Amino acid sequence: MSCRLDITFFFFLLVTFVPLVHMFPFGRNQLDINFYDRSCPNLPMIVRYGVWSALKDDNRMAASLLRLHFHDCIGCDASVLLDDTPYFTGEKNALPNHNSLRGFEVIDNIKEQVERFCPSTVSCADILALAAREAIDMVGGPSWPVALGRRDAITTSKEAAEEQIPSPIEPLENITAKFYSKGLDLRDVVALSGGHTIGFAQCFTFKGRLFDFQGSGRPDPVLDFSLLTKLQTMCPNEDTSNSNLAPLDATSSLVFDNEYYKNLIYNTGLLQSDQALTKDRRTAAMVYYYSNNRFSFYNDFAESMVRLSNAGVLTGIKGQIREKCGSVVVAVFQKNADHVNVYVKYEILVPKLKNNWILQSYAEVADHK
């Protein structure tokens, strides 16, 4: 009887773990530029074509994909891509992201294509990191090496997003503290802020500068008067204008360049948090330097993107590889009298699970067998 149970348990482990081998790539705990060279060699081409197609249809998408990657990198684990469930409200509906983040469908479309060629192999987090790089390259910006092997989170937190994503009205010291918490430094703050050389912002993110700056009843005195007049026309002082859009860089909003820094020098920065870079002598020096040295900005931006996209990632057996970026892969166990059936489903996430929940569940089933 004991021998029969041992054989049954052996086959249970075999059937259980072999189909899920891609979900737990044991022995690969570090990011590596060549991570998918053998398992998904066409990945770079698939991502690049997907981004090119998206930019062809929507010239704002480069900025949107960069911002989506930025906002995911409170962990760079694709948690920002998870849809809400009856059990949690995810990062999509956090204050910095709600009705603001774009590009989810681009990542979903790329992931669908990747799954056709390399099923259960490439994480959504890696796809997003690659897509951001390709998008910036396609609008004239720098490229950078993207080390791969990230895993996708199985949890998401609206509260964490609201606490950790910098706000456009926060003091500079608060923003730098958030960067420092990710292992980044002051140069990273200034260089990555240069991502605002492309894209648009909704009026509610800067309207406080136009009419009642810090409760003064007057506009921000630093803001260039000509720009102020234009913005007050684009964003009248009424709630219905909150979602109107204004370019972050009115000079060249669709081209990645260093005009953003020149705008700050002339007090035509759109966001309060951007213009604040000229008020601190340490960051102001870097603003002036980048305004006159485009290639130095490109080099530093690329290096900062590498550091940012490697911050807090999940690797090895942590997290999982999602089949669809908006939902978590959940292992569901059904125990009968004589055996255990294992299913893998794409379902809602049970509250308070940890990233090693699936492995713990296997152990619990084995213990009860």
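Heads up, the Cβ atoms here are built off N, Cα and C, so glycines get one too.
The disulfide bond recorded by TrEMBL for C40 reaches one of C3, C118, C124; that cysteine is C118. Residue environment of H71 (active site, proton acceptor) contains 21 other Cβ atoms, counted within 10 Å of its Cβ in all protein chains. With respect to Cβ neighbours within 10 Å, the recorded positions R67, H196 differ, and R67 shows the lowest count.
In the structure shown, across all protein chains, C73 is the one of the disulfide-bonded residues C73, C203 with the greatest number of other Cβ atoms within 10 Å.
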